[in-house]
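Participant: This is the structure I want to talk about, given as structure tokens.
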Amino acid sequence: MKHLLNTLFLTRDDLQLVKDGQSLLVKQGNEVLLRKPVHMLGGVISLGRSYITPQAMAFCAENDVALSLLSPNGRFLAQVRGPVSGNVLLRRAQFRLADDDKAANNIAQAVVAAKLVNCRGLLRRAARDQTLEADAEALALAADRLAQVLRRLEGAQSLEETRGLEGEGAAAYFGVFGRLISAQGDGFAFNGRNRRPPRDAVNALLSFAYTLLAHDISGACQAVGLDPQVGFLHRDRPGRPSLALDLMEEMRPMMVDRLVLNLINLRQVRAKGFAIEPAGGVRMDDDTRKGLLVAYQERKQKEIHHPVLDEKIPLGLLPHVQAMLLARHIRGDLPGYPAHFHKF
Amino acid sequence: MWDEADLVPLSALQHWIYCPRQCGLIYLERVWAENRFTAEGRLLHEKAHEAGYETRGQVRIARGLSLRSEAHGLVGVADVVEFHRADGHWLAFPVEYKRGRSKDHAADRAQLCAQALCLEEMLGQHIAAGALFYGQSRRRQDVDFDAALRGQTIATIAQVRAMLRLGRTPPPPNDKRCPQCSLRQACLPAICGTGLGSAAWLARKISRALEEP
């Protein structure tokens, strides 16, 4: 299995990434800021306009290090990667299943079920700690709605139905998500999910962190030989990492939502770290973004018990484990995809 | 004569005898063994640098020799082939280097025997014996290519070819071999072939989550 490898983030515009022997160097002018042996890296994410030499790109590709270029807001722009590796039999089987509505629906159902259970787990956990009775009540109500959606999900016969229930669940969840924020008055009001561009600070944090998670899951899919663009729940659309987005559904609550809530509630981010653009979009400043990146990396170190492997793993390995389990299902070793049901 | 895709790698034979699933994971799934392949590739590369010949008295030594058998549809590389001077001929004597120590199963012997089959065809001579050199015990163990070993080797080649053609990875044994296997994390021997992920499993997961107080 892959170890939880570090991801190197280039967060500024005036950096250069160059190859030196078996290491990557981050330079600013003639000064070397960081030297990292390539075998210690799992990915490089450049946020902005750093200068990356062709040698460094080739070196990353050779060493199976995913090199991704993101906009400063975390929008995925491009990725440099080596030759398509892995197993053509696996990818063929993945495409066949994706074309088979019933088989695709089984996977989508598992993913959505885990997402709903995990969202519900997060809400119920938070409801227990709620001091405001009105909030606790609303959270319990939303948890009940998620439970109803879950029961209906079991009978969902088509992908359409499963997608509809996923949407219903998400609406119920984000309908009360704002009540989990204790610092609402400090500029962190949340009135539902919105994106492209995010129109408040909470959505800006969520969107950016989801991009990071999608990048990690996409890398994990590729590492086990799956095509990250061919999904089951999400329809194929050129440029969209549909499979990564599928797997992301079940991991959002514990890998991102909890993280964003902690950052706000523990006051590790401040409202003044966000700027409203003339068109109404909200953007983080560099320090806030850096804080989120650090917190995300730390979150991935947190150990969880993986019920299927019956082993302790760092949360950051979850994308790899789930991608591997999905691959085992696709290759016929498992009768279905065992999605991850999280213990909050 | 053989489609390239039907050529069986010499190295696959020992994996198959040790564990058919391990063989499937390495030669079909490939992605699982990527790290291992990288390492193997590097070692091979280093070996290629020293590929060559030397003569020590009555023995000539060839390293990194490429082998192929049309009769058996085999292809691969031999670590070391010694050529022993006998009656005015140079008689090939394959020697396979193994890191570990002598094992009770026939995997290493079959791999060596398959090398001999290739050499017999390529050189037009009968090869009666070779040797396995085990790094850990630093012992050299002679291997006779008798009818039984030849038969087992040929049967194994057919089994590996059938698996490669079918494209189906055999199920995991989940026995005492598994804990030491380097591919365990990709193989997941304990959970493959179970009901994990099935509709009943999912229903159980959901109802358990809903029952929680």
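All positions are counted from 1 along the displayed chain.
A Cβ is built for glycine as well, from the same backbone N, Cα and C atoms used for every other residue.
Per TrEMBL, the features are:
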- A:Glu166, A:His234, A:Glu249: Mn(2+) binding site (BINDING)
Participant: Relative to the mean position of the Cβ atoms of A:Glu166, A:His234, A:Glu249, the recorded Mn(2+) site, which additional same-chain residues have Cβ within 8 Å?
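Facilitator: Near the Mn(2+) site, the remaining chain residues are A:Ala108, A:Val111, A:Val112, A:Lys115, A:Arg163, A:Leu233, A:Leu245, A:Asp246, A:Met248.
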Participant: In DSSP terms, helix, strand or coil for A:Glu166 (Mn(2+) binding site)?
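Facilitator: A:Glu166 (Mn(2+) binding site) sits in a helix per DSSP.
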Participant: Taking the Cβ of A:His234 (Mn(2+) binding site) as the reference point, list residues of the same chain whose Cβ is under 8 angstroms away and which are at least six residues distant in sequence.
Facilitator: A:Arg240, A:Ser242, A:Leu243, A:Leu245, A:Asp246
Participant: For A:Glu249 (Mn(2+) binding site), write down the residues of its own chain that are at least 6 apart in sequence and whose Cβ falls under 8 Å from its Cβ; none is a fine answer.
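Facilitator: In sequence order, A:Val111, A:Val112, A:Ala114, A:Lys115, A:Glu166, A:Leu233 meet the Cβ cut-off.
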Participant: Inside 10 Å of the Cβ of A:Glu166 (Mn(2+) binding site), count up the other Cβ atoms and send me the figure.
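Facilitator: By my count, 23.
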